[in-house]
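Have a look at the structure below, then the notes.
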Amino acid sequence: MGAQRREFKDSFRKRSWRLLGLCNNFSYVVMLSAAHDILSQERAPGNQSHVDPGPTPIPHNISSRFDCNSVSTAAVLLADILPTLVIKLLAPFGFHLLPYSPRVLFSGVCAAGSFILVAFSHSVAISLCGVVLASISSGLGEVTFLSLTAFYSRAVISWWSSGTGGAGLLGALSYLGLTQAGLSPQHTLLSMLGVPALLLASYFLLLTAPKPQDPGGEGEAETSARQPLIGSEAPELKPGSSPNLSLQERWTVFKGLLWYIIPLVLVYFAEYFINQGLFELLYFRNTSLSHAQQYRWYQMLYQAGVFASRSSLRCCRIRFTWALALLQCLNLAFLLADVWFSFLPSIYLVFLIILYEGLLGGAAYVNTFHNIALETSDEHREFAMATTCISDTLGISLSGLLALPLHDFLCHLS
């Protein structure tokens, strides 16, 4: 009987953390999946009747063989990542002073606001403001929840990562599926408003408060029953309860983290340079898929790979994440060469490469944070998790900044 109860609690904890990861990253993923639609289409201000008359295309660069939008999809990437970068840069220096619950509440509100703002937008500029809200939501949520893992068993990192991978797959697949089924981008975004509500419900009603013995332990299934966080936030989750590290201690921990931070930056730089710099340019005219549909399929397949590898920690653990960074950079070089020389004969080969790209990215993420959880002391773990969060965001931001001039250069080639 006792074993069954422990198994049930363990399963319940898994579902809570997976839901948190899924809901937190959902709006971020959807905005990237909608990037081509955001930049290639906008509704006229007068078109807000009961029946959506459909989008009006922005003129493309017809002189280019790439069928380019007037602005690179990297613009959406930057709007979706730069606010996250600012949040993560500030996180190690003061976020521990803020309670977790208000942060989660603010994150959920921003996610809902992003869907509403983009859905009812009449211009690219306003849509990008909605994308910024999605960025604030996912960035603040990631810092908050990864820091929170320091108060639980190390196993929750695998569950959280699996949830974030699920967000990528479900977000990209739902946007692709609903738009393929004939739903307008506006109605597709509005149909996703339940996800921010699920985030708040998962945190306040499903997630259970940790006990002091959780950090560093693997057997949280053997702890007694916990109470939901709502109305009973544990002392460990209150501001200032984590050890106050000196600047010297923080610098020492940061230097030790560089072994993991640098390869994760490289992995995310390479894969998002591909995703937001090259996806739009990997255009095949000899298929039944339109340009927008090809872009959505690329995003979905990438997220499928991420989901599979972020959920693979139990069967495959990788100590040397530098190897993943090298392989991802080779992916970037290969696809950049194809954009330039157009030597791949079929879009299905690109589909396979993109799936592989997602596998590398997801594996780098989950193994990096798992290795850090294993190798940092209890008093340093919360700071280490919040600090390493900057890696993927920094790599993504750099890729967006470089993808913009690449887009302009290639799209102005005759």
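Cβ atoms here come from the backbone N, Cα and C positions, even for glycine.
Looking at 156-176, 282-302, the stretch flagged in TrEMBL as transmembrane segment turns out to be 156-176. In this chain, the transmembrane segment (188-206) lies apart from the transmembrane segment (71-91): fewer than three C-beta pairs between them fall below 8 angstroms, excluding pairs fewer than 6 positions apart.
Using a cut-off of 8 Å between Cβ atoms, the transmembrane segment (257-274) and the transmembrane segment (347-366) share at least three residue pairs, counting only pairs 6 or more apart in sequence. Count of Cβ pairs under 8 Å against the transmembrane segment (156-176): among 20-39, 103-136, 347-366, the largest is for 20-39.
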